[in-house]
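**Student:** Can you keep this structure in mind? I'll have questions shortly.
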Amino acid sequence: MNEVIIIYAVTLLLAWPLGKYIAGVFKGGTGTGGTIFLPLETGLYRLFGVDPSQPMSWQGYGKALLKLHLVLVLIVFGLLMAQGALFLNPDGIDGMSWDLALHTAVSFLTNTNQQHYSGQAQLSYLAHTFGIVTLQVVTPAAGMAALISIVRTLLSRSDKKPQTSSDGTISVGNFYEDITRAIVRVMLPVATVIALILASQGVPNTYEGAQTATPLDQTAGMAVQNIPIGPVAPMVAIKQVGTNGGGWYGPNSSVPLENPTPLSNFVETVSIVLIPAALVFALGFLTGRRRLALVVMGVMVLMSVSLTSVAIWSENQPNAAFAGLTVEGANLEGKEVRFGATATALWGSWTTQTSNGSVNGMHDSFNPIGGMIPMVDMFINVTFGGIGVGLIGYLLFLLLAAFLGSLMIGRAPEIAGKTLEAREMKLVCIALLIQPLLILGFSAITVAFPALTGNSNPGFHGISQVIYEYTSAFANNGSGFEGLGDDTVWWNVTCAVNLALGRFIPILAPLAIAASLAAKRSAPEGRGSLGIDTATFGLMTLAVIVMFTLLSFMPVLILGPIAETLALMS
Amino acid sequence: MAALNSVFVCRSASWLAAARAAIVFILLCGGLYPLLVTTVGSLLFPHQATGSLIVVDDTVVGSELVGQLFKAPEYFHGRPSAVDYDPFSVGGSNYAASNPALRDRVAEDSQTIALRYGVESSSIPVDLLAASGSGIDPHISPESAQLQAERVATARGITVSQVNELIVDFTEGPTIGVFGQPRVNVLRINLALDGKEASD
């Protein structure tokens, strides 16, 4: 229990100064850290051939983001299919099939890192570093850039007239400046520090190929043991800190080579929530709305602690299949002795709250209620959430709450002095409703054709496996009920669709909303305005989130984990 | 100003800018960053860099971080593994609690162990019957080691107290008393039983 409290405390205490630093980085001018990083950044802008001071409209910003992503996905897709014939491949690994390469490339492009392959056996060092690690650094930076741009445009308190881009529309900033600063000043330095700590704990850190050992007990039937290694530490660090989640080894951070000690587990767990939480504080520092940032943080911590507590309680209950066959103890199926049930349940809950998706134990073997919590976390997806996109998602709920709240007190809907009208609310609804539509729609189709499911577990849990997979894809999470046989054309292609829509609609719609609101005339915020930085409004937002999630997903939770629990009790 | 503008040849949202940025980011994030970490990290921590291998008499006998399959009675045995301790196919059972296959496996193992050690099934530690997530968990709980002490002692013709002393020596507690669980590294304690010393 102390372990959990310490991890929560350390994470939030580190997030505060990091949030302040991040806000400084994006505060215009050369920004915090400019004296060190600006020369490197200027060199990069020259290589791109772009002028970072050129303002962009929201469409221009969105196009620049999409074009960069499209080029990256094409390169990585090609790399994955061709890796067998390329260099940095000491273990002689073959190229991927077209559908697996498509799914993998899109999955990492969308900051999801859902894996239908096992890295140690199916990716060369070239694909792992130049392909996967690149996307693991660039995609959280893209999410951060989008968030900063939206926050700057939507919530900026300055009375200055908003900047306009060359064609006279509202400027939301320059995409290349934002993403470059996010990479150079935030993602790479933080990842480097964590990578070196992990390297000290035993995470492999070399370009040498697999090692061969002669096991001690030669009567046990294993004459040699081949141990896959590689440049694992830099990847694991950025996977943890960038809400990526895609590990070097198939079972992720449950593998002792990827997460060797309780200390590495502590560092990796803190890394999951560190930057997402820092961005909430950054919101306050960047806009001068510190009370709003604290209220948002309060709501997120409340959701996080409640759901995590249930997961920890559940995993400390015995696994029903072990009843009467062992000492009555916590559920250890799919868990590691060095971590135990509590640390694994904490990780399982945090990794799904943040759209990280790494695991240090197998969620498929969690008790039914313990396995339901990650699903609920992913339905909500704004308890910290993915880097950038989590807070953007929260802002959507905040707009919805402001709309409903204004109507409840009989005022014209408004936020930060700007009126909320049909255009903005339509965009909010599109961004929110596409989630249940896609998850439930695809799950229904897949469950209707049992040949497609690839279930490894029978009964109600089989339904949970399918729902978990699409939820994870849309939430850009990447964890899974991993028994699912998901390397098929059906799973690869339909998940790729969910991945892409789940990433880009929730980024682009809010960007359009922010620009649309910024273009309106601002009424001064005064005593009559809706106070969005009060505890009451925080609870209102929480109520909207809970209601929305329950209305959308309660029926499938009953069909899956709740039915499984009841069946086990009877 | 004209000179400066000539540097920025692309409109910010152009395809050419996207292609150039993509290539630069790949070299920076996929090339330079891992190369830097790997170089510095392997200089600072050379033993860990290549997988924390254990070398005895110039032979690599395994890794501190990778469990092995033990079946002979004179060795401590590890946890059940869904992949027979093959590090290239790491994984857990991924059985749900409601899956009858899990109940069958646990029941069979429980019976075998209860018979082997002459104990009630209700006193078998959970970790000795639960498959790990990685399939290569190098540890067992101290309780699981104690259960095996008498068998190991008999097979080796040494006293149970000698084995128990070894278990105490090889039990690692939670880090700074808080992080993680008490555990025994199976390969390392078995090497000690054989009197083999790692030359690192």
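Going from the start of the chain as shown, residues are counted 1 onward.
Keep in mind that glycine also has a Cβ here, set from the backbone N, Cα and C atoms.
Automated prediction, rather than curation, is the source of TrEMBL annotations.
The transmembrane segment annotation in TrEMBL covers A:6-23, A:64-88, A:125-151, A:182-199, A:266-285, A:292-313, A:378-407, A:427-452, A:489-518, A:539-563.
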**Student:** Determine whether the transmembrane segment (A:64-88) and the transmembrane segment (A:6-23) share at least three Cβ pairs under 8 Å, counting only pairs 6 or more apart in sequence.
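**Tutor:** Counting Cβ pairs under 8 Å, fewer than 3, so no.
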**Student:** Checking distant contacts: for the transmembrane segment (A:378-407), what same-chain residues at least six beyond its ends satisfy Cβ-Cβ under 8 A?
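**Tutor:** Distal contacts: 111, 140, 142-148, 150-151, 154, 242-243, 273, 275-277, 279-280, 283, 296, 300, 303-304, 307, 352-356, 413-415, 420, 424-425, 428, 431-432, 435, 471-472, 475-477, 503, 506-507, 509-510, 513, 530, 532, 537, 540-541, 543-545, 548-549, 552-553.
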**Student:** Counting a contact as 3 or more Cβ pairs under 8 Å, with residues at least 6 apart in sequence, do the transmembrane segment (A:489-518) and the transmembrane segment (A:125-151) touch?
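**Tutor:** Output yes: the transmembrane segment (A:489-518) sits against the transmembrane segment (A:125-151).
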**Student:** Which residues of the same chain, at least 6 past either end of the transmembrane segment (A:266-285), have a Cβ under 8 Å from a Cβ in it?
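**Tutor:** Long-range Cβ neighbours of the transmembrane segment (A:266-285): 3, 7, 10-12, 14-16, 18-20, 22-24, 26, 140, 144, 147, 151, 155, 186, 190, 194, 197-198, 201, 236-237, 240-243, 253, 259, 291-294, 296-297, 300, 343, 346-347, 350-351, 353-354, 356, 358, 360, 384-388, 390-391.
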**Student:** Give residue numbers and ranges for long-range contacts of the transmembrane segment (A:539-563): same chain, 6 or more residues beyond its ends, CB-CB under 8 A.
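**Tutor:** Contacts with the transmembrane segment (A:539-563): 299, 302-303, 368-369, 371-372, 375-376, 379-380, 382, 394, 397-398, 400-401, 404-405, 432, 435-436, 439-440, 443, 460-461, 463-464, 467.
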